[in-house]
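Heads up, the thing below is written out as structure tokens.
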């Protein structure tokens, strides 16, 4: 859970009497009400269309979101003419994409991590995950940073020495690669759905709601695996999408250089700020095992297709936009964007570090120079065993219950602001991230309320705000 902050320990005697009742049962997912079902159907129908529309708008209309609609309304274009102008699936793109995914599988499965032995402070190698609802603790091979370093070392070696392929290869095949990514996204989602019925990794961590559409979308298995180490959630959340994120941006930068003879400061800012985020993800991959994606989400279309298609195609819109619109920012504008991004990253990373330090030391640490305060909680896992936990209420976690999301949103806004203010398209990311993280706040807190019961109410009383102190 995205733990939070503020003092509450003094109420010890009163809280002890409140916790004489049985610990709350761990609630793993929302009930499939009509609103949830309609939301799931909407995402299944419209998310692929949104990705296609944004990419098509850049390819055919210089990133204008309104122009395709206006042409359709005026009769200057039809759905068929738009489709006919869209690059189709190609076997050359299929070979590129297959080689990419196969290479990432090879690095994930066949190259044990050695970077944790040579880079001080990095936590890699075999690590324990969080306890599952059934009470299990899975082991993971953490080697994401090593995979990222190897992949990018080969990319730069090719660009500056071997020249096996053009650095613009991703941009040049962007839409054909999109069809390939969709094929993989739907294939892995269908496989995971079928596997849950026929040969689940752990049947006790499966959740069948009885609704076919909801189960396909949100997933049935908690941690589907093939063999001992190939974990679907860890692989698809981090690879191939996030490793590719920085390569995609580098390909955009190379295309801008090819088209205009120079690279703009806006493109450099987008590459640098998003690379910081990606490197942070892999540096803290072991910590990521304790986040909502791994700890609560089941693996279905939402994660499978989302990691293959939604993430690489919509999280990189700023770089794509700057290929078509090479914005050169004023020094003041560029400095403001850089500061916003760095301050947002500092809040995001410091907040997560405080929680990680608190967990690793079991509260025997200092936060902002003081002994941390916390709420003692208990919960029951699916095997009936009672477990105990602490919810941090010091440092940034005493400011708001999800202040790391606040920092994340500041960074997201910086990516968009680097593109200037000429079009709406690059600002889709901050709009989407705001919706996503606010929804995550609500969804996470629903689960935590079910998991911790009255202990969670004590916690929210201690830290009353979710994202912005005094506002929300």
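In case you wondered, yes, glycine gets a Cβ from its N, Cα and C as well.
The stretch that TrEMBL tags with transmembrane segment, taken from the ranges 209-228, 229-248, 329-348, 349-368, is 329-348.
The stretch in closest packing with the transmembrane segment (329-348), judged by the count of Cβ pairs under 8 Å and taken from 34-55, 299-317, 412-438, is 412-438. Remote same-chain partners of the transmembrane segment (34-55), defined as residues 6 or more beyond its termini with a Cβ less than 8 Å from a stretch Cβ, comprise 65, 68, 86, 174-175, 178, 182, 211, 213-214, 217-218, 301-302, 305-306, 309-310, 313-314, 317, 320, 425, 428.
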